[in-house]
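Participant: Structure below; questions to follow.
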Amino acid sequence: MGNAPAKKDTEQEESVNEFLAKARGDFLYRWGNPAQNTASSDQFERLRTLGMGSFGRVMLVRHQETGGHYAMKILNKQKVVKMKQVEHILNEKRILQAIDFPFLVKLQFSFKDNSYLYLVMEYVPGGEMFSRLQRVGRFSEPHACFYAAQVVLAVQYLHSLDLIHRDLKPENLLIDQQGYLQVTDFGFAKRVKGRTWTLCGTPEYLAPEIILSKGYNKAVDWWALGVLIYEMAVGFPPFYADQPIQIYEKIVSGRVRFPSKLSSDLKHLLRSLLQVDLTKRFGNLRNGVGDIKNHKWFATTSWIAIYEKKVEAPFIPKYTGPGDASNFDDYEEEELRISINEKCAKEFSEF
């Protein structure tokens, strides 16, 4: 009987590997055959803005025919071109239409018109983790652990497909009706087999190797996980300053201060993730994600139960019914002006 847990772990590991192998096949098919123009703008009633970005906004919309509610990301083609983000947007759409995992937001439709690109995703009504964190200050360790486990599984899935997210942060984690997470915003995500060099992401969350303009790999997402867990448990990120350059200096120095209230297990995990030396960073070693999933801080986590959403969430967002957007901030609304001539046709031909 002594080795029963080890046998169970091995069986679980094998079933995870089987799942990931099948998921890879499904992903590669959709990656190689991307869906185009699966709806049109007149099929949706635009209700209100849920969020704003540099070249567009996300709106709550209702499908006229089915009555279903969705989150529609509307991107201004000319602004995307001006800000040299064409490749990022094409990547985002191609990745979103090919992935399928419980903790990743799902793309339902995509289309374009003369002026805009549209990504229509499932609507996640609980709002951003960022807003929740601001409201409560910080999460207890069990609460942070519940969320962190879902991000670990999502990143494990993405990495098995050679995808790097590159922008994991509380603003990009939405809370669903059950209190589980949905990772959103794949604007910086990229399919990379080896290394890549692009400087992108959010200052507080950038790994040192990105700042130092070294080629970097998937390990940047595990660094970002460390920043995320720290921010959830402490209430602010580990590397913080007024100017990005000061933040970068702190990140590259690798010095992290831990409040005494954190458990020793959590401090150990964070030191292993916020590790400047890539040959020592958890997630990037011989055991891969195993070093993270088998860490003492996750000792009480049942990974299968989390994946199947069988664990009771520590927080359930208020939700009065379809179309309730009270968990999102208010924004000024403005009319979409659609040109009579097609803009940037060449740049977005494959969208």
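Cβ from N, Cα, C; glycine included.
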Participant: If Swiss-Prot gives LEU50, GLY51, MET52, GLY53, SER54, PHE55, GLY56, ARG57, VAL58 as binding ATP, which of LYS73, LYS77 does it give for that site as well?
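Facilitator: ATP site check in Swiss-Prot: besides LEU50, GLY51, MET52, GLY53, SER54, PHE55, GLY56, ARG57, VAL58, the record includes LYS73 out of LYS73, LYS77.
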Participant: Can you tell which of the binding-site residues LEU50, SER54, GLY56 lies nearest to THR198 (phosphothreonine) in space, using Cα positions?
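Facilitator: When the Cα distances are compared, SER54 comes out closest.
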Participant: Find, for the listed binding-site residues LEU50, MET52, VAL58, the residue with the lowest Cβ contact count at a 10 Å cut-off, counting only other Cβ atoms.
Facilitator: MET52
Participant: What are the helix, strand and coil residue counts for the domain 'AGC-kinase C-terminal' (299-351) according to DSSP?
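Facilitator: Once the DSSP states are binned, the domain 'AGC-kinase C-terminal' (299-351) shows 5 helix, 0 strand, 48 coil.
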Participant: What are the other residues, in sequence order, whose C-beta lies within 8 angstroms of the center of the C-beta atoms of LEU50, GLY51, MET52, GLY53, SER54, PHE55, GLY56, ARG57, VAL58, LYS73 at the ATP site?
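Facilitator: Other same-chain residues with Cβ inside the cutoff are THR49, ILE74, LEU75.
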Participant: Consider each pair of residues in LEU50, GLY51, MET52, GLY53, SER54, PHE55, GLY56, ARG57, VAL58, LYS73, all listed by the record as binding ATP, and report the largest Cα separation in Å as a whole number.
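Facilitator: It comes out at 14 Å between the most distant Cα atoms.
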